[in-house]
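Structure first, then comments.
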Amino acid sequence: MSVQRPIRVLVVDDSPTMANMLTALLTEEPRIEVVGRAGDGNRAVQLARLLRPDVITMDLLLPGLDGPGAIAAIMSQSPARILVVSAVAEQRGVDLGFQAMSAGALELIGKPNVTNAEELRRWGKELAHSVCLMAEVPVISRRPRAATAPPPPTGARVDIFGVVASTGGPPALADVLSKLPRSLPVPLLIAQHITVGFTQGMVRWLSQVTPLPVSIAKDGERLEPGRVYFPLDGHDLLVDAAGLARLQPSQGGPCPSGDVMLTSLAAAFGRRSGGVVLTGMGEDGARGLLAIRRAGGVTFSQDEASSVVFGMPRAALDVKATDQGVPLASMPELILQSCTFAPFRGGRPEGGPTR
């Protein structure tokens, strides 16, 4: 897309007040032009086809055709980059958000729950920034055919895996977790960048697609094989030398931090740690994945063809944290093949590298 041309945005919200506010906040960014507004899902589908916007901001609780239904129709008829803007306080809205991600939405953002003008303006700048980033993402209406996966690494088997994801991550995680068996012999830790307020909804949604129990980790909890753990909203998830989960408030940057999580796995488990970086913008996860590789552990990153956004996997390749990209469809098998089938022991194995 030419840098001179404005980013054309379609705003979809059934509340005229909210639509007016979103329009005003977005157009404070000189690069953005709001070209249309829709108050229901059917009108959104019509305007997406007529206007061909670069980005659509989509509410979910819409009259008639709801948000996920509208997104599915748009992605099949006139694909666009879709940014969900929904009320976090409403559980149905949160749950619909992950249905929207499955239908093709790229990102979830909670509606502002503020009355202070300065805080509202700050939220608006973050929204506009997200729209500008989304405008650079290639529109994907159909997943390309996966390439052949590399053979699994030989050597030490893995006792714990950490997975990092951002834009496009929830559907990718659902795809991977749905193919892992209940007998998975290791704990699986997830750092998915997401707006505060959506984590519990993501846990509920993923629990419906995988045989593995999915939960939010508690500080000091002993990690169990065959379970999936997410951090508490606004926190990073780490592992200590005894194999216990540790939560700490995020210190800025991507939240939760994939680098923080993966680095803790490398320190605690050494050559028996494993890390995966999936689709996403930016560079989070690359340093942590490199720490695992330097400790002798197993590392994978998603390939470009199956990534919604190749930024994070590319960063992992650039720092040589992994040798080549892996098709998303091959990731579950590689994770399984890398796991030890001995009992999970927790902590650094005997003979692992020193800190």
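Including glycine, each Cβ sits where the backbone N, Cα and C put it.
According to Swiss-Prot:
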type	residues	note
DOMAIN	8-126	domain 'Response regulatory'
MOD_RES	Asp59	4-aspartylphosphate
DOMAIN	152-337	domain 'CheB-type methylesterase'
ACT_SITE	Ser166	active site
ACT_SITE	His193	active site
ACT_SITE	Asp284	active site
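Swiss-Prot feature annotations superimposed on the structure.
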{"residue": "Asp59", "record": "4-aspartylphosphate", "DSSP (3 states)": "coil"}
{"residue": "Ser166", "record": "active site", "DSSP (3 states)": "coil"}
{"residue": "His193", "record": "active site", "DSSP (3 states)": "coil"}
{"residue": "Asp284", "record": "active site", "DSSP (3 states)": "coil"}
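All protein chains considered, the CB of Asp284 (active site) has 29 other CB atoms within 10 Å. Packing around Asp59 (4-aspartylphosphate) is summarised by its Cβ count: 28 other Cβ atoms lie within 10 angstroms of its Cβ, all protein chains included. Comparing Ser166 (active site) with His193 (active site), their Cα atoms are 5 Å apart once rounded.
Geometry remark: the residue listed as '4-aspartylphosphate' versus His193 (active site), CA distance 20 Å.
Rounded to the nearest whole angstrom, the C-alpha distance between His193 (active site) and Asp284 (active site) is 10.
Take the active-site residues Ser166, His193: by the count of other Cβ atoms within 10 Å of each Cβ, the lowest one is His193. When pLDDT values are averaged over the domain 'CheB-type methylesterase' (152-337), the model yields 94.
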